[in-house]
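Each remark here refers to the structure printed beneath this line.
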Amino acid sequence: MSDLRYTPTAALKDHVGAAQFRVKDHRGYFIRVIKTYRALNRSIHNLTKHVRVAFDEYFHEILEFLSNDATYCRFALYVNRQTDLDIEDQEQKELANADPILLEAVVTRFREQGQLDALKTSISISETVMVIAKMRASMLDFLEFVMPKIVPNLTKLVGPVLAASFIEKAGSLEELVKKPASTIQLFGVEDAFRNAKTNGTNTPKHGFIYTSDIVQQVPQSKRGRVSRLLACKCVLAARHDFFTDDITAEFGHALRQEVIEKSQN
């Protein structure tokens with residue numbers, strides 16, 4: 001029997017040659033995928049807020065290991081005997097840093113004291129979050145496959161999600177290469193900027209780029225400077241991908257190493 005399960009990556013590999021995605025102005029499927037990916041992220045975050053309200057009092061000792069929304073919902077299902085844990089899973093890896101004895105104590109206390117009837121709605125929401133998380137993983141799988149073929153150097157520098165987000169916000173790769181670093185630095189702050197103007201609060205200085213792994217790995221006091229530096233390098237990487245026929249990611253790798261080295265000073 002043929003496998004009827006559909007994934008974007010499988011469909012791409014079956015029906016589209018990778019070379020077709022090595023184009024200078026591609027407005028295609030990946031832009032819709034990154035929009036969907038971000039929408040799924042928002043859904044997961046908003047739904048998990050309700051779960052956290054219900055379960056935080058039981059999980060208070062281990063909240064530092066449950067910052068990831070999908071991890072939180074998975075653990076909520078686990079303590080309710082709805083699922084198992086797999087700390088090797090990407091969505092649950094932060095639990096690997098928790099003391100196993102402490103985890104077991106939290107689970108035991110919840111199973112003895114938890115008001116299961118009052119938590120049924122939150123458990124149902126957690127199940128929904130896990131379904132959405134699987135959909136999100138499928139979107140990420142697609143982006144990880146296709147983005148290195150569209151913009152290998154930009155992808156090497158900031159990863160497939162940010163690379164796709166920058167192109168989507170600009171409208172195309174051709175439009176992205178026209179943007180200054182200061183504009184790229186602010187991609188993703190549109191809603192926050194409007195709210196700040198309406199409420200009279202400080203306007204945001206960084207958008208998507210602030211979520212880069214390079215930025216997040218440096219102390220808070222350095223993140224603004226590193227974000228600005230990274231935005232400048234994103235301009236160079238995007239222009240290299242657009243104006244050259246280089247299909248390697250060596251230039252992007254060199255830019256990434258340069259940013260990492262400077263961020264450590």
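Cβ atoms here come from the backbone N, Cα and C positions, even for glycine.
Bear in mind that the values here come from a model prediction, so they are computed numbers and not experimental data.
Per TrEMBL, these features apply:
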{"type": "DOMAIN", "residues": "150-265", "note": "domain 'Nop'"}
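Look at the domain 'Nop' (150-265): DSSP puts its residues at 85 helix, 0 strand, 31 coil. Restricting the average to the domain 'Nop' (150-265) gives a pLDDT of 90.
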